[in-house]
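Annotation comment: Swiss-Prot describes 7-189 as domain 'tr-type G'. Positions annotated as GTP binding site by Swiss-Prot, on the basis of sequence analysis: ASP19, HIS20, GLY21, LYS22, SER23, THR24, ASN136, LYS137, ILE138, ASP139.
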Amino acid sequence: MTAKPIDTIRNFSIVAHIDHGKSTLADRLIQLTGALSAREMTEQVLDSMDIERERGITIKAQTVRLDYKAQDGREYVLNLMDTPGHVDFTYEVSRSLAACEGSLLVVDASQGVEAQTLANVYQAIDANHEIVPVLNKIDLPAAEPDRVKEQIEEVIGIDASEAVPISAKTGLNIEAVLEAIVAKLPPPKGDCEAPLKALLVDSWYDVYLGVVVLVRIVDGVLRKGMTIRMMGADAVYGVDRVGVFRPKMQDVAELGPGEVGFLTASIKEVADTRVGDTITEDRRPTDQALPGFKPVQPVVFCGLFPVDAAEFENLRAAMGKLRLNDASFSYEMETSAALGFGFRCGFLGLLHLEIIQERLEREFNLDLISTAPSVVYRLNMADGTMRELHNPADMPDVMKIDTIEEPWIRATILTPDDYLGGVLKLCQDRRGAQIDLNYVGKRAMVVYDLPLNEVVFDFYDRLKSISKGYASFDYHISDYREGDLVKMSILVNAEPVDALSMLVHRTRAESRGRAMCEKLKDLIPRHLFQIPVQAAIGGKIIARETIRALSKDVTAKCYGGDISRKRKLLDKQKEGKKRMRQFGKVEIPQEAFIAALKMDS
């Protein structure tokens, strides 16, 4: 199979908010073009991980090549790139979009434009995409196609008069989508005589083939047996096989400009292939790499520890396996006095953290405790150096630190008007600064700058409960700003508990500390001596609760007689308790940790 004429190729992606039906539309397109037989079809063909199907989200970018004979009688090759829709994976989305020339914008005709639709559409517009609006779910009784068309024009500012009305579930009007792709989206540009230049869109690990790399050829031709160079990672490989996905893998002789396919080159680790890198031929390299490549930086960190210390080796093996498939996930070993051996892991965001944790528990059936998530702080030291702080327990002496900077995000929230007050109050409470507020039809669009530290805990859940689930939320990291942050330690019986220390804003320290102490007071079982539970900033105690001692009734065997006899026994007991408090160790049960850490999240 040789390279196709470039004017018959269409590369497109589907942009939509979670649950607006983009994976179902992809299924229908695959079915209609006959890429899979009816027997092989499953729901959400392109969401290959169970967790993707269950949560109804797409995590890894996938691709499929469809052959379509259009009404003008020509054979077209359509390459569909299925992109992740969630905020945490925006970089993967931007790379997938860079590999296409156009997008289908899928909007639920009953719900209208949501925050993530906006974020992804703006990315598509930045990538100079031609955009074809598609109204999905028009078979629902609640569908209001005309109102949604107006909304698309008003909010996004693209012409929606020719939006294609479809129902992906019933398969209504799907042919019109294919015709619109062929007619409205531009063919790719590229020169097949030029040196090879290809964009690395995504990669994953296959047990038999090693790393499979998804590529979009920009110039030149990729053939089997070529020696290729990854420009960002500066590594050289020999190509073993070249092919395309029709969702099943199919080998081809070569891939020409504008085509999307895969290559395998006995690469051992996904970490060697960085999303967004440029692939070129080693013998005849291209002059400049493709723009927009940046190494992935983890944003949220948290400690993962096995509940049973004997499981540590299994956890290490499981992490290694996940890392093979997900290069944006990083980890290193750490030990904690309270929780034993575990790992400090870096993630792209909260959803990513949840997914990794769930995959560890489900695919490798491990029981895990996760410590409170924290973000990466920058410490400007007094001697003029800068350090990054991933774990609050590693905070150096306060006297050596000049200033602390924390990451801020720019958040866009779309909410029905009725809940606007609650949403604004939530953002205000989280130290947010309002940037913009305007109305889109009956919904308010609020733009806020917020510290990421305040968002990692329970911001998303709170937002959903305030707005009864109607608000949608999208963010990107904007910059680092100086903040008045302090390290709060929790002391139990005057001993600091490392797993519970955290960095908080000075204004929030007291309330957070008090809540934590009250929680621990209920969770730690009573001992034979009194236990103080304290929250401290440096040497200053800001909150305290006391766990009462269990006391034995030592005067029970005295009846009548002199008071001094009872006194003596009580004093003797008091002496013993005092000594006990000095040498006694407080056992904090595992459940107490899990519950205390849950309070924060």
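Cβ atoms here come from the backbone N, Cα and C positions, even for glycine.
Highest local Cβ density among the binding-site residues SER23, ASN136 belongs to ASN136, counted as other Cβ atoms within 10 Å over all protein chains shown. The number of other CB atoms found within 10 A of the CB of ASP19 (GTP binding site), across every protein chain shown, is 14.
Under 8 Å, Cβ to Cβ, and six or more positions away along its own chain, ILE138 (GTP binding site) finds ALA109, PRO145, PRO165, ILE166, SER167, LEU172.
Cβ neighbours of GLY21 (GTP binding site) (same chain, under 8 Å, six or more residues apart in sequence): VAL106, ASP108, ASN136, LYS137, ALA168, LYS169. Following the DSSP three-state reduction, the secondary structure of GLY21 (GTP binding site) is coil. Taken together, the residues of the domain 'tr-type G' (7-189) have an average pLDDT of 75.
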